[in-house]
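Listed features, source TrEMBL:
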- 6-27: transmembrane segment (TRANSMEM)
- 50-123: domain 'Cation-transporting P-type ATPase N-terminal' (DOMAIN)
- 103-121: transmembrane segment (TRANSMEM)
- 127-143: transmembrane segment (TRANSMEM)
- 290-309: transmembrane segment (TRANSMEM)
- 321-345: transmembrane segment (TRANSMEM)
- 735-756: transmembrane segment (TRANSMEM)
- 768-788: transmembrane segment (TRANSMEM)
- 809-829: transmembrane segment (TRANSMEM)
- 841-858: transmembrane segment (TRANSMEM)
- 878-896: transmembrane segment (TRANSMEM)
- 902-927: transmembrane segment (TRANSMEM)
Amino acid sequence: MLASNPTLIYWTLAILVLVSVAFLVGWRFRRNAINRRAVARTQPPAESRSWHQLDADQTLTELEVTETGLETSEALARLERHGPNRLPEPETRGPLMRFLAQFHNVLIYVLLAAGVVTGLLQHWLDAGVILGVVLINAAIGFVQEGKAEDALRAIRQMLSPHAMAWRDGRLTTLDAADLVPGDLVQLQSGDKIPADLRLLRAKGLQIEEAALTGESVPVDKVVGALPLETPLADRRCMAYSGTLVTHGQGTGIVVETGAETEIGRISALVSGVEQLTTPLLRQMAQFGRWLTAAILALATLTFCFGVLVRDYTAAEMFLAAVGLAVAAIPEGLPAIMTITLAIGVRRMAGRNAIIRRLPAVETLGTVGVICSDKTGTLTRNEMTVSRLLTAERAFTLSGTGYDPHGAILLDGESYATQQDPVLTEALRAALLCNDAALTPAEGEWRVEGDPMEGALLVAGIKGGLDPEMLASELPRTDLIPFESEHKFMATLHHDHVGESFIFVKGAPEALLEMCSRQRVAGGTADIDRAFWLERMEGLAAQGQRVLAIAARPAERHATDLVFDDLGRDLVMLALVGLMDPPREEAIAAVEVCARAGIRVKMITGDHASTAMAIAGQVGLANSNVVLTGRDLDAMDEDTLRRRAEEVDVYARVTPEHKLRLVQRLQESDRIVAMTGDGVNDAPALKRADVGVAMGINGTEAAKEAAEMVLADDNFASIASAVEEGRTVYDNLKKAILFILPTNGGEALVVLGAILFGFHQFPLTPVQILWVNMITAVTLALALAFEPPEPGVMGRPPRNAREPVLTPAFLWRIGYVSVILMIGTFGLFLWELERDASIEQARAVAVNTLVFFEIFYLLNSRYINAPVLNRAGLTGNPYVLLAIGLLVLFQLAFTYLEPMQALFGVAAIDWTVWVRIVLVTSSVLFIVELEKWLTRRRRLAD
Ligand code: ATP
């Protein structure tokens with residue numbers, strides 16, 4: 001009786017108080033640690049260095065470097081001295097702290113308390129087993145969490161930044177970690193500054209320094225030295241590591257690297273390790289906490305009921321209540337969900353989709369619209385010039401890819417370029433107004449830089465020009481870089497007698513506005529806009545990308561090129577038509593998306609006719625209608641919202657249009673994934689539900705803003721990521737659907753025993769612990785490896801608002817729990833009826849429960865699809881392995897003497913196994929029947 005053992009009550013109460021205090025202290029400790037980190041983030045750097053007061057030459061002298069950059073040998077020596085240009089790793093918990101953190105969990109507190117009280121009751125064996133299980137559980141959690149964190153760290157490293165620096169007199173792409181003080185670094189819009197730099201050249205250079213100063217308005221950069229006392233935020237001749245170039249170009253010399261940079265010195269600024277969590281995991285953790293509280297309350301009630309109503313002793317009931325708590329709390333669930341998530345993220349990385357923010361994994365499964373760029377994402381970005389049209393002649397170019405072997409043809413005949421001065425001038429302009437380089441690599445030709453500019457180089461070489469010789473004859477003095485807002489690029493050159501020339505290439509509409517004349521044999525003539533527009537339409541309608549080339553003389557000895565210099569008097573030289581065929585995989589992926597209920601929209605900076613032709617080739621749903629940036633400008637938001645639903649092709653758009661489109665689509669309740677590569681795409685990427693940046697051609701700014709980065713820039717990888725996203729969510733649901741009925745069944749067995757007044761329970765707490773632990777590391781873990789279900793891309797996207805625990809879900813959890821309870825209880829009683837010992841009956845109960853789980857695991861592989869087929873039963877090798885292992889464990893549990901002694905069981909004979917298998921396989925058929933009825937009902941609806 002309760003009253004007969006007051007000491008036990010005191011102990012129990014004292015331990016409960018201790019558990020609560022420990023929990024609160026642990027919670028406070030975590031909060032404080034988080035707050036401390038937040039405070040560290042806002043603290044200003046200690047003293048700052050004075051590089052800003054040196055002028056460019058002094059900086060070069062101080063760092064012992066010339067204007068052609070460092071030699072590799074010197075750079076290596078400096079790397080040895082200064083160490084890699086990496087920020088110190090954020091403080092992470094050491095292994096000991098990580099191990100101890102495994103104990104910070106309500107269930108573990110309950111178990112520890114139970115272990116202590118069991119010890120006080122002198123049940124030494126039980127106490128020992130409970131404590132042993134707690135330790136093993138912590139060890140498993142420790143190892144699994146470590147693996148998940150390692151996987152994420154490896155994925156993050158796939159995104160390590162690069163920098164363009166001069167080494168041995170050549171511009172080279174380097175790992176940002178290899179930069180050393182003295183390196184000369186080239187900057188362009190979208191770059192993330194890789195180290196602290198003293199700027200030597202700035203051309204319209206603007207840098208957003210929010211990461212350092214908190215100020216999000218970009219700062220205009222200059223090169224002049226500044227007084228010593230200038231505060232950090234005003235040092236306009238410096239560019240600081242971690243900040244972003246939002247506009248223009250520049251060159252800087254590395255002055256500090258790694259921990260010595262301004263950002264490195266505010267050590268806490270390094271983004272911390274991301275928590276392994278998503279909204280669903282948080283939702284389940286919350287649910288788990290409520291469930292635990294409810295179970296503890298139920299256990300207390302049961303304790304009182306048993307002692308007061310059923311005449312159990314307090315000691316008996318204490319063990320029963322602990323058994324109930326242990327049975328009902330789904331302790332393995334959070335770990336399994338984390339692992340499932342980590343496996344999903346790794347699988348996505350394997351398919352070229354690198355997740356930067358974990359919640360995106362879940363959002364991917366709800367995506368209903370993918371807005372994709374055209375060039376390089378839907379098309380191959382392997383360009384070839386196929387046509388060149390001057391005012392008087394239409395040339396064709398032979399040859400494929402970047403191989404410069406090929407010729408310029410007129411009416412099908414090879415044509416010598418020098419015969420036509422207009423053609424020669426157009427090709428010269430195309431080679432000079434160009435930043436790409438062509439290099440032979442492993443038997444083929446590779447382009448460094450923009451593929452379109454690479455194609456122009458190839459065209460020039462086919463026309464017999466030599467890019468290097470041309471560049472030395474007409475050196476470049478200045479440029480206006482290409483930006484998608486103005487859609488052209490212009491360069492200024494001079495020859496050796498001081499004459500200057502401007503060459504421009506860009507979108508034909510943009511250039512036609514700037515031209516008043518056109519080049520003809522022997523001079524120039526008034527521009528015939530209608531002629532050029534008609535030619536442009538003709539090329540674009542074949543899906544070719546069209547570029548116009550223009551030029552004009554500039555003032556002698558001009559050294560600067562600004563927008564106003566271009567004026568409206570350019571001379572149109574030629575139109576160039578470039579082929580960029582669609583990617584085969586993209587065509588297939590667009591089809592997959594259509595089946596998966598996902599609308600694909602092409603949003604491109606290219607011309608409307610080109611966009612429509614390519615949209616038709618890749619198979620977009622509605623490729624006959626196109627809206628241009630100009631159309632969008634003329635629309636009010638309501639009209640745009642309506643039109644955005646139906647129209648799938650958008651051409652000549654700017655990044656601002658992308659943002660508007662995302663917003664309108666989201667207002668129509670669409671979950672939107674949007675791709676982007678430029679610095680100006682960042683707002684649209686941030687706004688989209690899943691921002692997708694290009695890994696190869698994307699800027700660092702776009703990558704920073706995105707949730708996901710495509711390692712291969714390929715549209716097909718987005719479709720794969722959606723498939724994996726849907727799979728991860730399915731697998732998380734499967735884990736819940738599998739684990740909860742196990743706990744439900746066990747709890748019902750214990751509750752039933754108490755209600756019916758059994759003095760010998762079918763399951764003891766340590767046996768329940770065994771079942772939970774052993775099945776969590778085998779069966780539930782196998783579900784985390786489930787491959788995508790066959791129909792995963794054949795159904796519409798998940799409704800983002802739908803809760804996980806739907807009535808259908810709860811129904812399955814409920815009735816499977818009841819089946820488990822009836823079967824376990826029934827076979828336990830059967831054994832007792834047959835005069836078996838309690839140890840044997842309990843061995844039967846435990847094995848029944850485990851075999852129920854084995855069969856139910858097969859059901860759980862598919863949520864609603866049938867599994868009674870070859871793929872369903874054998875499709876996941878991990879499941880088969882887990883089942884095999886589990887059977888071995890159960891044999892050891894039942895027949896090895898030390899295990900029998902530890903767990904209080906005895907050997908059973910083989911006829912009993914037959915009964916167990918027959919009874920437990922019922923769950924497989926009953927759940928399949930329920931799935932079948934559900935599918936039939938859905939079909940009828
Ligand atoms: P997408 O948005 O699908 O990648 P895109 O690459 O065609 O399409 P932008 O990069 O904005 O979009 O280019 C728009 C237009 O600007 C092109 O159609 C072309 O006419 C012109 N253009 C592109 N790159 C250059 C460049 N390096 N120099 C001059 N003009 C360019």
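The backbone N, Cα and C atoms fix where each Cβ goes, and this holds for glycine too.
The highest tally of CB pairs under 8 A with the transmembrane segment (321-345), across 103-121, 127-143, 809-829, is held by 103-121.
The recorded stretches the transmembrane segment (127-143) and the transmembrane segment (768-788) share 3+ CB pairs below 8 A when only pairs 6 or more apart in sequence are counted, and are therefore in contact. Note on the domain 'Cation-transporting P-type ATPase N-terminal' (50-123): its mean pLDDT in the predicted model is 83. Non-local neighbours of the transmembrane segment (902-927) in the same chain are 125, 129, 764, 766-767, 770, 812, 815-816, 819-820, 823, 826-827, 830-831, 836-837, 839-840, 842-844, 846-848, 851-852, 854-856, 858-859, 868, 893-895; each lies 6+ residues outside the stretch with a CB under 8 Å from one of its CB atoms. Residues 738, 741-742, 745-746, 749, 762-764, 767, 770-771, 774-775, 779, 782-783, 816, 819-820, 823-825, 827-828, 830-832, 867, 872-873, 879, 882-883, 886-887, 890, 893-894, 903-908, 912-913, 916-917, 919-921, 923-924, 927 of the same chain lie 6+ residues outside the transmembrane segment (841-858) yet bring a C-beta within less than 8 angstroms of a C-beta in it.
Look at the domain 'Cation-transporting P-type ATPase N-terminal' (50-123): DSSP puts its residues at 43 helix, 3 strand, 28 coil.
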